[in-house]
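**Student:** Below you will find the structure I want to go over with you.
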Amino acid sequence: MAAGGADQRGNNAATTTFVVPAVALSLGKPMPRVGFGTATATLGQAEGRAGVTEAILRALDAGYRHFDTAAVYNTEASLGDAVVEAVRAGTVASRDDLYVTSKLWITDAHPGRVLPALHRTLQNLQMSYVDLFLIHHPVSMRAPADDEAEGAGPAVVVKKDLVAMDMEGVWEEMEECHRRGLARAIGVSNFSCKKLEHLLSVAKIPPAVNQVEVNPYCRQEKVRNFCRANGIQLCGYSAMGASGTAWANNSVMDSPVLKQIAHARGKTVAQVCIRWVYEQGDCVIVKSFNQSRMRENLHIFDWELTDDDHRKISELPESRGNYDFLIHESGPYKTAQELWDGEITAGQSNQTPLVSDD
């Protein structure tokens with residue numbers, strides 16, 4: 001299960017810079033296998049624009065070249081600022097040396113709103129294109145009446161306003177984003193096999209990526225096999241369970257099995273989780289604004305998990321983070337089983353201030 005392709009420079013963990021291996025996609029340029037996530041528990045509010053920008057600059061110094069953001073994260077502008085500064089300082093030669101992903105929020109997942117949403121994203125990023133543009137969730141939400149013109153949409157999910165997505169209409173506009181060169185690749189996030197199958201039946205340009213939760217407790221074998229069979233790259237987020245967020249799966253970092261494996265390998269639980277996702281052939285989005293941990297999270301390329309490690313992980317009970325905020329008795333998905341098409345077990349619901357029933 002060798003990693004392959006990792007070029008490591010330097011000997012000191014505090015100063016080592018990595019060239020992260022990349023994987024070819026069906027669209028656009030190759031995607032670095034490890035990316036830096038910018039979603040925060042407060043959607044960027046507590047950290048502030050300057051704080052997020054500083055964290056991204058540290059990540060660039062550490063060797064990250066793949067950055068994941070979204071309209072709803074409130075971090076697109078921070079990422080744009082960081083890239084401008086990194087190019088000015090010579091940390092990277094140009095924006096083209098980076099891989100940037102952003103996502104279409106559910107209030108803009110309607111025909112007629114996709115292109116304007118991407119234009120706002122590009123304005124925030126101070127870029128002429130994104131490398132990958134994803135549909136954030138397989139559901140839409142009615143935008144507030146006072147937002148019909150601008151379309152930014154609130155971070156709050158108003159459950160009674162959840163509606164079924166016009167998948168064909170939305171995907172046609174995603175394809176138009178690609179044709180215009182505004183998104184070099186297009187894809188989806190949080191799609192089950194059944195939803196991917198429906199999308200493939202109407203798509204002229206198939207999705208290049210499906211970004212979903214992946215960790216040792218949410219192994220996603222069914223959707224991974226489906227994606228492999230259909231030329232779609234799986235990209236995992238919440239590799240460590242996203243502890244402290246509204247979508248947390250706290251069983252990951254608290255796992256005695258993962259702690260034992262980490263101790264035996266002389267690694268952290270986070271490194272074991274990231275390495276495990278990497279060994280599945282997935283890309284993985286990691287997130288830490290702590291400078292030491294963000295470097296630590298890249299130290300996964302010169303060692304492997306054993307067959308016994310994989311066996312132990314395969315025996316862990318399946319669970320996942322909370323996505324109850326997309327479920328409502330009047331919405332398109334009334335249960336977690338409907339939302340995820342029965343593919344994986346839903347985790348326990350967490351109360352989150354980002355959700356409203358009203």
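Using N, Cα and C of the backbone, Cβ positions are placed for all residues, glycine too.
TrEMBL annotations: computationally assigned, not manually curated.
Pulled these features from TrEMBL for this protein:
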- TYR73: active site, proton donor (ACT_SITE)
- HIS136: substrate binding site (BINDING)
- 34-316: domain 'NADP-dependent oxidoreductase' (DOMAIN)
- LYS103: site 'Lowers pKa of active site Tyr' (SITE)
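Quick one: how deep are these features, and who are their neighbours?
**Tutor:** HIS136 (substrate binding site) has a Cβ environment of 20 other Cβ atoms inside 10 Å.
Within the same chain, residues at least 6 positions away in sequence whose Cβ sits under 8 Å from that of LYS103 (site 'Lowers pKa of active site Tyr') are THR69, ALA70, ALA71, VAL72, PHE133, LEU134, ILE135, HIS136, SER189.
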